[in-house]
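Enquirer: Mind having a look at this structure? Questions to follow.
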Amino acid sequence: MIVNYSSSSSEEESGSSSSPSGKRQKLDTETSEALDHGSAQRKVCKSSHLTPRLPLPESVKEMFRDSEELWTDKSEEHGGRLRSFQHERGNWATYVFFPYDPEEAFLEVLNKMMAAAEAHDIPLTVSEEFHLSLSKTVVLRHHWIQPFVQSIRTSLTHFQKFYCVAYKLKVYSNAEKTRTFLGMEVSTGTPHLLELSKIVDETMKEFNLSTFYEDPSFHISLAWCVGDQTERLKKACLLELQGLIDAHEDGPFHARLNCNELRCKTGNKVFVFPLQ
């Protein structure tokens, strides 16, 4: 383009010194048309040698996908469970809990309880992981995760580890009445759990999130079923299931939970907070 501009200038100068204005205008027009034609030829020539562009990898496309993209909850993909809130990209389901690592005796009793419930036509599904919740499940935006975790970590600096014991079976349901849970309620260690839940609540308030229940029933979640089966489970077989715990060969079974590290699960990430 620079070369063309120079050529046009030199011709324009020579025309202005020896030709009338009408002739100069005609020359300018012809030169302009010639330049346009030449430019078009170069563009065609250049485009004919272009290498086809490679498609963007899916991982790159995901980086720029709209964070508000609609998502359909397919309950059949996860045992009929429905989300308590709509899924949106950038929103992370989050809760705070103590993990429970079950011993062999616990699993033996649990299997007997599942068989007993099945006999009453109540198909319970064993929890994928056993834990004791210290918060409701809330939604965190991705950019809140680090400050949220740091707030909890700072609050727990001087909290001492302890243990708690769960023994009595109890039936629970979620707020939406879409799932029913069989849990083992804590009988020892409740004051420590209450204190911890209040600490977690302070962090929840910082981010305008829902705090824990006013009168919480701390428990280890054992199993669940779809729908509101609370009354049916209580009437049909709760006493029978409790009897299996009481009749354990080594005496009534008590689930002991060593509370030495609190955890926070947000999406697929788990953060650990060791207690002193």
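Using the three backbone atoms N, Cα and C, a Cβ is placed for every residue, glycine included.
What Swiss-Prot shows for this protein is this:
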- 1-58: region 'Disordered' (REGION)
- H131: active site, proton acceptor (ACT_SITE)
- H131, L132, S133, Y213, D215, P216, S217, F218, H219, I220, S221: AMP binding site (BINDING)
- Y213, S217, F218, H219, I220, S221: UMP binding site (BINDING)
- H219: active site, proton donor (ACT_SITE)
Enquirer: Taking the Cβ of S133 (AMP binding site) as the centre, count every other Cβ atom within 10 Å, in any protein chain shown.
Expert: 21
Enquirer: With every protein chain in view, what's the tally of Cβ atoms within 10 Å of the Cβ of Y213 (UMP binding site), excluding that atom itself?
Expert: 12
Enquirer: Validating a neighbour-count step here. Other CB atoms within 10 A of the CB of the residue listed as 'active site, proton acceptor': how many?
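Expert: Excluding its own Cβ, the residue listed as 'active site, proton acceptor' sees 18 Cβ atoms within 10 Å.
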Enquirer: Across all chains shown, how many C-beta atoms besides its own are within 10 angstroms of the C-beta of H219 (AMP binding site)?
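Expert: For H219 (AMP binding site), the 10 Å Cβ neighbour count is 20.
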Enquirer: DSSP on Y213 (UMP binding site), three-state: which is it?
Expert: coil
Enquirer: Could you work out which of the binding-site residues (S217, S221) has its C-beta surrounded by the smallest number of other C-beta atoms within 10 A?
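Expert: Lowest Cβ count within 10 Å among the binding-site residues (S217, S221) is S217.
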Enquirer: Could you tally the C-beta atoms, other than its own, that fall within 10 angstroms of the C-beta of D215 (AMP binding site)?
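Expert: Other Cβ atoms within 10 Å of D215 (AMP binding site): 6.
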Enquirer: For the C-alpha pair, I'd like the distance in angstrom between H219 (AMP binding site) and Y213 (UMP binding site), rounded off.
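Expert: With the alpha carbons as reference points, the distance is 13 Å.
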